[in-house]
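Data block below; observations after.
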Amino acid sequence: MRLTRLTRSPASLASPAAPADRETAADQDAKPIREAKPITADTVADALRTARQRSLTYTDIAAEDLLRQHSPLMSPLVWDLAHVGNYEDLWLVRALAGGTGTRPGLDDIYDAFRHSRASRSRLALLGPAETRAYLHEVRGRTLDLLDRFGPDRFGPMAGAGAETAAVPERERLLADGFVYGMVVQHEHMHDETMLATHQLRQGPPVLAPGAAPPPGRRVPRPEVLVPGGEFTLGTSIHPWAFDNEDPAHRVHLPAFWIDTLPVSNRAQIAFIDAGGYDDERLWSAAGWEWRQTEGLSAPAFWWREGGTWLRRRFGRVEPVPLDEPVQHVCWYEAEAHARWAGRRLPTEAEWEKAAAYDPVTGRSRRYPWGDTDPTPERANLGNWTSGPAPLGAYPAGASPCGAEQMIGDVWEWTASGFTPYPGFVSYPYREYSEVFFPKAGRESSFRVLRGGSWATDAVAVRATFRNWDYPIRRQIFAGFRLARDAG
Ligand SMILES: [Fe+2]
C-alpha cells in the first residue's frame, strides 16, 4: 500500500550514509555493551516473567471485551494474547527442541501475515480460558528448555554476518540469549499494541490508572546543537538487537539543531489556534488529502468544550495537560506542525546521533545517558505512569548533546522512510523487517519512529531501536521533536 508522495523529501536534508566501516563501527559500540549485563538463564526467566505479567494484566478483563473487535485497526485482545504464546512456541519450543510443539494446528490462526487485524475476530479463536491454558503450557515447556539451552551454555558469538554462516542454527539463535530476547521483546511489543487497543476501546475504564510521574521543569535551552561529523549508526553487537539495527556503520551528518524536548500539547494547541489544520500550504499533498478525508482537526482522542481541550485516555476524560509531549498525532500532522514552526522533523540518523553520540569518547552509547539499563529516574518506560511524563521530568536521562526524554514518553516520528542499512542481512526471519522494506528504487510506505514510549518496556528499546508505521497512524503512542539545519 503506497500512501504518499512527499512534495519535498525531508530525508534529503541529511547526508547519505558513508560507506560502511563495519570493523570500526562495531569496535566502537562493542565492549561496554558486552560488560553491561550478563545474560543468564535467570535473567531470561525474569524477562519472560515480566513480559507475561504485563500480557495477563492487560487481558484480565471481561470475556466479551477480550473477544470484541474494538477497532478495525486492532486485533481482538484475545488474539494478541494467544499469538504471543504461539510465537514463543515457534521460536523457543520448536526452534530449540524440535518436534511439533504445542498445538501446531493453531499456527494458521495466529500467523500475523495470514489474516488482517480487521478479520481476526471471525477466526476460530481460542476462548479466554483456553488461551491462558495454552500460554501456560507453552511457558512450561520454555522453562524446561532453559535448563537445556540456557544462554549460560552458549557464550557471546564473535561478530556477525559471514562468520555466522558456519554456526549451527540453534547455536546461533542461542548466542547471547538472542532468541529469548527476541521472544521477550515480541511479547512486550504486543503488550504495547494491547494498550493501543485499550485506548481505542469505548466504555468505562478497565485498567488501573498509573503512578504519578516525576514533576516537569523548565529546561535551560530550548534546542541543542549537534556538531557535524561522523558517528556510528546502528549496532552489530548488541546482543538482543533486531536485524534492522544491523550492521553498525559510519554516517556523516552536517551540524544540526534539535529541540531539547518533544513538541508539547501547548505547542500543538498553538498550531491548532493558528489555523494549522486548515492551511493547505503547511501540508504535503498526501497529508492534506488524508486530513480532508478524515476531517483531522486535533490529535486523536481530543475535543474542545468551551475554551478547554479535553481528552479521553483509557476511558477517563481529563483536561489536556499543556506541558506534556503531544501524542496520538500521525506523521502528516507532525510534518505540517514542523512546517508551520519553520522547522523540520529530524532524520532517523540525526535522531540517533542526538540520542547516543558521545563526542568525548567518539562512540555511540546504548542509551542517551550511557550503557547502563533504564531506571525510573532516567526514562518513562514500561507503563508505570499510563501516559507521558511532563516535559523536563528526566534531566538524568539527558543525552551527551543535552536532548532529554529521547527514550520513553512518546515514540518520535522521524523524516525517514524504513529502509535497510547498507549490508543488511535478514535474521532470523524475513517477516520481522525485510518484507517491510521498499522494493529497489521505490520509496518506503512507512516512516521510522524512534525512542519508545511510556508504554514500551525497557528491554524493548535502545538508542538503535527502529520502529515503523504508516504516516496516517494515530492510535500509537507517538509524538515528535523538531530540528533544523545549522548555519
Ligand atoms: Fe507478533
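Any Cβ shown, glycine's included, is placed from N, Cα and C.
Listed in TrEMBL:
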type	residues	note
BINDING	His83, His186, His190	Fe cation binding site
BINDING	Arg117, Ala118, Ser119, Arg120, Asp469, Arg473	gamma-L-glutamyl-L-cysteine binding site
COMPBIAS	9-19	compositional bias 'Low complexity'
COMPBIAS	20-33	compositional bias 'Basic and acidic residues'
DOMAIN	48-194	domain 'DinB-like'
DOMAIN	223-484	domain 'Sulfatase-modifying factor enzyme-like'
REGION	1-33	region 'Disordered'
(message) Given the binding-site residues His83, His186, His190, find the one whose Cα is closest in space to the Cα of Arg120 (gamma-L-glutamyl-L-cysteine binding site).
(response) His83
(message) Can you name every residue in this chain, apart from His83, His186, His190, with its Cβ inside 8 Å of the center of the Cβ atoms of the recorded Fe cation site?
(response) Asp80, Val84, Tyr87, Ala112, Glu187, Met189, Thr193
(message) For the binding-site residues listed here (Arg117, Arg120, His190, Arg473), tell me which residue's CB has the most neighbouring CB atoms inside 10 Å.
(response) His190
(message) Just to be sure I understand the contacts, which binding-site residues have a Cβ under 6 angstroms from any atom of ligand 1? Candidates are Arg117, Ala118, Ser119, Arg120, Asp469, Arg473.
(response) none
(request) Identify, in sequence order, the residues in the chain of His83 (Fe cation binding site) that are 6 or more apart from it along the sequence and have a CB within less than 8 Å of its CB; answer 'none' if there are none. (result) Ser75, Tyr110, Ala112, His190
(request) Measure from the Cβ of Asp469 (gamma-L-glutamyl-L-cysteine binding site) and count the other Cβ atoms within 10 Å, all protein chains considered. (result) 21
(request) For the domain 'Sulfatase-modifying factor enzyme-like' (223-484), provide the mean pLDDT of the predicted model. (result) 97
(request) Tell me the Cβ neighbour count for Ser119 (gamma-L-glutamyl-L-cysteine binding site), meaning other Cβ atoms within 10 Å of its Cβ, over all protein chains shown. (result) 12
(message) Test of understanding: give the count of other CB atoms lying within 10 angstroms of the CB of His186 (Fe cation binding site).
(response) 19
(message) Let me make sure I understand the span of the gamma-L-glutamyl-L-cysteine site: among Arg117, Ala118, Ser119, Arg120, Asp469, Arg473, what is the greatest distance between any two Cα atoms, in Å?
(response) 20
(request) Helix, strand, coil: count each for the residues of the domain 'DinB-like' (48-194), based on DSSP. (result) 103 helix, 0 strand, 44 coil
(message) Whole-number answer please: how many Å between the C-alpha atoms of Arg473 (gamma-L-glutamyl-L-cysteine binding site) and His186 (Fe cation binding site)?
(response) 20
(request) Output, ordered by sequence, the same-chain residues six or more apart from Ala118 (gamma-L-glutamyl-L-cysteine binding site) with a CB under 8 Å from its CB, or 'none'. (result) Gln69, Pro72, Leu73
